[in-house]
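S.K.: First the structure, which I've put down as structure tokens, then a few questions once you've had a look.
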Amino acid sequence: MPSAINAAVAQQTAAGSVPSTTSTTTEGTGGGTGGIYSAIISRNQPIIKVKEKTYEELHKKCLEENILYEDPDFPPNETSLFYSQKVPIKFEWKRPREICENPRFIIGGANRTDICQGELGDCWFLAAIACLTLNKKLLCRVIPHDQSFIQNYAGIFHFQFWRYGDWVDVIIDDCLPTYNNQLVFTKSSQRNEFWSALLEKAYAKLHGSYEALKGGNTTEAMEDFTGGVIEFYEIKDAPKDIYKIMKHAIARGSLMASSIDDNLGFHYGAAPRSDIGELIARMVKNLENAQMTYSTVDYQGTDERPAWTIMPMQYETRMSCGLVKGHAYSVTAVEETTYKGEKMRLVRLRNPWGQVEWNGPWSDKSEEWNFIDEEEKIRLQHKIAEDGEFWISLEDFMRHFTKLEICNLTPDTLEADKLQTWTVSVNEGRWVRGCSAGGCRNYPDTFWTNPQYRLKLLEEDDDPEDEEVICSFLVALMQKNRRKERKLGANLYTIGFAIYEVPKEMHGTKHHLQKDFFLYNASKARSKTYINMREISERFRLPPSEYVIIPSTYEPHQEGEFILRVFSEKRSLSEEVENMIEADRPSKKKKGKPIIFVSDRANSNKELTTDEDAGKDGEKTHVDEKKRSSAKAREKSEEETQFRNIFRQIAGDDMEICREELRNVLNNVVKKHKDLKTEGFELESSRSMIALMDTDGSGKINFDEFRHLWDKIKSWQKIFKHYDADHSGTINSYEMRNAVKDAGFRLNNQLYDIITMRYADKNMNIDFDSFICCFVRLDAMFRAFHAFDKDGDGIIKLNVLEWLQLTMYA
């Protein structure tokens with residue numbers, strides 16, 4: 001059955017962009033960007049991808065076979081723990097039933113006091129969990145509550161996380177790492193409650209290992225729990241209405257966290273990667289010295305059991321006031337009360353350790369509470385307990401804390417949430433080294449090669465108090481998979497973005513803005529800074545118009561994937577800019593060479609002629625006379641005479657040459673161009689040229705075919721010399737984009753990526769041999785496509801035989 005070769009599918013899958021009707025990308029499903037491009041980058045994957053079984057299917061199978069689930073993708077061994085070095089002690093992986101009697105998934109509802117940090121620097125993750133427990137709808141989405149150690153128990157559990165635009169279901173078994181029968185990592189304040197430990201394991205699986213969770217920003221986990229978008233404030237530079245912002249965030253159900261810089265340059269909860277050995281050493285020491293501590297609560301007749309306490313391994317620094325530097329806290333409430341006749345604004349925070357609290361004004365036992373009546377204490381949920389939660393005045397909060405992170409919920413977080421009015425557009429992209437990883441504006445030669453996204457702001461805000469015609473929107477740029485790739489040496493890139501207004505004459509077009517535009521136009525808005533966080537976001541207010549967003553890493557040549565989200569209060573459109581895929585075609589007065597299928601030559605000599613073959617006899621005669629006149633003029637030239645003599649000497653009487661002979665001819669001619677530094681053409685290059693220029697299937701090319709090839713090479717040679725400004729004999733892969741355009745070809749980013757992968761060396765340079773081979777292939781494949789595309793609609797249909805004939809002999 002013939003398959004349509006059409007560009008529409010791949011580009012819509014990749015970025016929601018409007019595709020070129022002349023693209024030659026085949027239809028495809030899955031695999032990232034789809035189409036031929038995804039077929040190339042995933043060609044080593046199994047031909048048939050078996051659909052993974054769902055939680056329900058696996059759970060049912062375990063019950064039917066009366067077995068406990070064992071996760072093959074996250075096994076109970078060292079590979080799931082640490083990747084940088086081995087742990088000198090042996091952990092035992094145990095199921096909850098082996099750790100304590102009467103284990104429970106959740107006891108009395110999941111709440112923020114259930115979470116106690118273990119021997120891992122993931123306080124950022126636990127602070128986010130504590131925030132999550134404040135929103136029961138979100139909590140039930142992340143932690144499906146229909147799971148139990150009693151009814152239909154099969155040793156299998158699942159949790160759901162937002163992952164770069166999609167919600168994914170992470171399935172795990174319930175084997176947990178222990179030492180001396182104690183959980184090593186996160187645990188509940190109640191010994192027989194395990195939802196927090198299992199949630200941490202699922203999150204570790206999502207990122208490849210427990211070690212991958214060491215160090216991070218709370219908003220990273222908040223986003224993975226909600227699909228929300230972050231706002232980040234340096235408290236010393238916070239707006240005057242910061243209390244109002246925090247109060248409004250709590251009312252909207254947003255998640256919020258805060259932290260204190262340690263003045264050592266560390267992020268909270270994170271040690272330098274080189275210190276993982278020290279982390280493990282301290283962890284071992286703490287585990288070996290850990291003592292069980294028991295509460296005085298009477299547990300008779302309940303499912304609760306005594307909790308143990310292990311002080312977490314820490315790079316954090318405790319202050320005399322009880323707060324901890326380099327540490328993340330959950331913001332669980334923001335309230336206002338009356339104190340001695342005056343309004344007092346308070347902030348409630350929680351330490352993920354489940355202990356170690358603020359001991360200043362408004363702490364659990366402070367004298368300020370003596371002036372608050374009992375009813376107000378109940379409203380504020382004040383209690384005296386070493387549970388890690390405490391109140392602090394807004395003034396002291398602003399004095400001691402340095403960062404505030406807010407994760408705002410988006411319309412797709414909960415379908416029933418009617419308070420949200422944002423419209424959201426999501427675009428996925430990638431920076432490719434040597435092609436579309438151009439770095440920031442400091443690198444003008446490559447900045448313009450970064451992916452570009454058009455933003456159309458169509459409607460102004462509904463704000464009767466604001467007379468300006470303004471559109472409010474938020475841009476969020478997130479880099480993908482960097483935490484999961486830590487074991488391969490990956491770190492977070494320093495990222496940011498800039499926004500430019502598109503000239504009115506270019507509104508509605510799909511053209512990739514070129515280098516000169518950015519040299520002579522200033523940005524209308526940009527991220528305040530480039531920062532090495534997973535996501536950077538910024539609010540903007542601009543007049544209705546058409547803009548282009550340029551996401552980038554700070555330095556060029558840094559390869560990675562990203563997701564760009566645009567949130568607007570009113571209707572807007574956002575899509576990736578993709579050039580229309582096309583090539584300049586020769587004048588219709590020139591008769592094109594027919595394309596002949598190899599298998600048809602011996603039979604019917606079937607031809608697929610170009611549109612130019614249709615013409616009147618008088619027109620043909622005129623063209624022939626013009627060709628003969630032009631040929632005579634060329635033959636008079638010294639180069640032509642020399643050219644024919646060389647060709648005749650090598651080709652012999654049949655005046656046709658094979659790949660070895662073509663190589664000799666080209667190299668003999670190229671040698672005479674002293675200003676072109678090249679070692680000549682490789683045999684494989686001439687083999688490819690023969691295949692692409694051979695129109696009669698003889699495996700050789702005649703003088704006319706060679707003449708056509710040489711004319712092309714001469715024009716391409718001029719382009720090469722123009723961009724080889726330093727006469728090194730190479731051009732860099734970024735310059736190749738302009739060279740391709742100068743040669744009459746217009747391609748999209750996916751095709752530029754492929755050219756870079758196929759023809760550039762490890763230094764992202766393209767030599768003359770590879771340069772010419774690339775252009776010969778582009779020229780031949782465009783001519784072939786146009787020959788098949790008789791109705792000019794940008795779609796051709798080929799059966800398998802035709803497709804293989806066209807692609808294998810090329």
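Cβ from N, Cα, C; glycine included.
Remember, it's a predicted structure, so these values are computed and weren't measured experimentally.
Here Swiss-Prot flags C123, H327, N351 as active site, drawing on sequence analysis. Taken from Swiss-Prot, the feature Ca(2+) 4 binding site applies to D789, D791, D793, I795, supported by similarity to another entry. Residues or ranges marked as domain 'Calpain catalytic' in Swiss-Prot: 68-410. If you look up Swiss-Prot, you'll see 638-672 marked as domain 'EF-hand 1'. Annotated domain 'EF-hand 4' per Swiss-Prot: 776-810, in sequence order, evidence recorded as sequence analysis. Taken from Swiss-Prot, the feature region 'Domain III' applies to 411-579.
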S.K.: Quick check on the domain 'EF-hand 4' (776-810): DSSP residue counts for helix, strand, coil, in that order please.
M.R.: 22 helix, 3 strand, 10 coil
S.K.: Please name the residue among the recorded positions C123, I795 whose C-beta has the most neighbouring C-beta atoms within 10 angstroms.
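M.R.: It comes out as C123.
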S.K.: Helix, strand or coil at N351 (active site), per DSSP?
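M.R.: For N351 (active site) - judged by DSSP and reduced to three states - the answer is coil.
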S.K.: Run through N351, D791, I795 for me and report the recorded positions whose CA is within 10 Å of the CA of C123 (active site), in sequence order.
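M.R.: Cα filter at 10 Å returns N351.
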S.K.: For D793 (Ca(2+) 4 binding site), list the number of other Cβ atoms lying within 10 Å of its Cβ atom.
M.R.: 10
S.K.: What same-chain residues lie close to the domain 'EF-hand 1' (638-672): Cβ under 8 Å, and 6 or more beyond its ends?
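M.R.: For the domain 'EF-hand 1' (638-672), the sequence-distant neighbours (Cβ-Cβ under 8 Å, at least 6 residues beyond its ends) are 678, 680-683, 685-687, 689-690, 698-703, 706, 710, 713.
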S.K.: Note down the number of other Cβ atoms within 10 Å of the Cβ of N351 (active site), including every protein chain shown.
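M.R.: A 10 Å sphere around the Cβ of N351 (active site) contains 26 other Cβ atoms.
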S.K.: Here are some recorded positions: H327, D789, D791. Which one has the most Cβ atoms within 10 Å of its Cβ?
M.R.: H327
S.K.: Where D789 (Ca(2+) 4 binding site) and H327 (active site) are concerned, what is their Cα separation in Å, rounded?
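M.R.: For D789 (Ca(2+) 4 binding site) versus H327 (active site), the Cα atoms are 63 Å apart.
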S.K.: Where H327 (active site) and N351 (active site) are concerned, what is their Cα separation in Å, rounded?
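M.R.: Cα to Cα, H327 (active site) and N351 (active site) are separated by 8 Å.
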S.K.: What average pLDDT is reported by the model for the domain 'Calpain catalytic' (68-410)?
M.R.: 81
S.K.: Return the member of D791, D793, I795 nearest to N351 (active site) in space, with distance defined Cα to Cα and candidates limited to these binding-site residues.
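M.R.: Going through D791, D793, I795 one by one, the Cα closest to that of N351 (active site) is I795.
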S.K.: For the recorded Ca(2+) 4 site formed by D789, D791, D793, I795, name the remaining residues of the chain with Cβ within 8 Å of the site's Cβ center, in chain order.
M.R.: K790, G792, G794, I796
